[in-house]
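Colleague: Sending over a structure as structure tokens; questions will come in a sec.
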């Protein structure tokens, strides 16, 4: 059986990480964050990609998709599990084409979970996170402006692409995390995916 994948997309601060934690607990999916995998690889001694990843992240550029896909694939194999949430990927057309080229025959895409949240609220959340000591260098107003523009220009077309295939489950992310999760659960149960406690 092919590993099953749900892509998790939304603006910076839409609450993707929080919801992925809930989904993992409830449905037993393994949460893979493309950004975290790249950061880990960058710090791994003797990594063949470390230098290049460091340079791309420092310059605010996107790492070549083959590298990201290969890290995601390795993490999947290492986990020994068969259901995955891929958070923050595909972010742009190149990511999407790369995934379809490299991974589409190795995985089954269930759907795209898309968190909708206004720019103002997301900005407030990220700045709040930064003020609370998130340790994320990009939780500041200047970086957020750039991240939002990238998101609107590059990620929204991905949502449109999957929307045409009827694969997007949209969730209003402007309410409390519990209310958001109540809607998220519906996306999974509609596909017959059951809670691991049941």
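Glycine too: its Cβ is placed from the backbone N, Cα and C atoms.
TrEMBL does not curate its annotations; it predicts them automatically.
Sequence annotations record features per position, and here TrEMBL assigns ATP binding site to 13, 14, 15, 16, 17, 18, 129, 175. What TrEMBL lists as ribonucleoside 5'-phosphate binding site is 39, 61, 62, 63, 88, 89, 90, 91, 136, 147. Residues annotated as CMP binding site in TrEMBL: 95. For 33-63, the entry in TrEMBL reads region 'NMPbind'.
Quick one: how deep are these features, and who are their neighbours?
Modeller: For residue 175 (ATP binding site), applying a Cβ distance below 8 Å and a minimum sequence separation of six or more within one chain yields no residues.
Residue density at residue 39 (ribonucleoside 5'-phosphate binding site): 14 other Cβ atoms are found within 10 A of its Cβ, drawing on all protein chains shown.
Other C-beta atoms found within 10 angstroms of the C-beta of residue 95 (CMP binding site) number 23, with every protein chain shown included.
Within the chain, the region 'NMPbind' (33-63) has long-range Cβ neighbours (under 8 A, six or more residues past its boundaries) at 17, 20, 71-72, 75, 86-89, 91-92, 94-95, 146.
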Colleague: Over the residue list 39, 61, 62, 63, 88, 89, 90, 91, 136, 147, recorded for ribonucleoside 5'-phosphate, what is the maximum interresidue Cα distance in Å?
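Modeller: Binding-site diameter by Cα atoms for ribonucleoside 5'-phosphate: 21 Å.
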Colleague: Just to verify: the residue among 16, 129, 136 with the fewest other Cβ atoms within 10 Å, which of the binding-site residues is it?
Modeller: 136
Colleague: When the Cα of residue 14 (ATP binding site) is compared with the Cα of each of the binding-site residues 39, 62, 88, 136, which one is closest?
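Modeller: So, spelling it out, the nearest of the binding-site residues is 88.
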Colleague: Could you measure between residue 136 (ribonucleoside 5'-phosphate binding site) and residue 15 (ATP binding site) for me? Cα positions, answer in whole angstrom.
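Modeller: About 15 Å separate the Cα atoms of these two residues.
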Colleague: Using a 10 Å cut-off between Cα atoms, which of these binding-site residues sit near residue 18 (ATP binding site): 39, 90, 95?
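Modeller: None, since no candidate lies within 10 Å.
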Colleague: May I ask for the distance between residue 88 (ribonucleoside 5'-phosphate binding site) and residue 17 (ATP binding site), taken between their Cα atoms and rounded to an integer number of Å?
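Modeller: So the Cα of residue 17 (ATP binding site) lies 9 Å away from that of residue 88 (ribonucleoside 5'-phosphate binding site).
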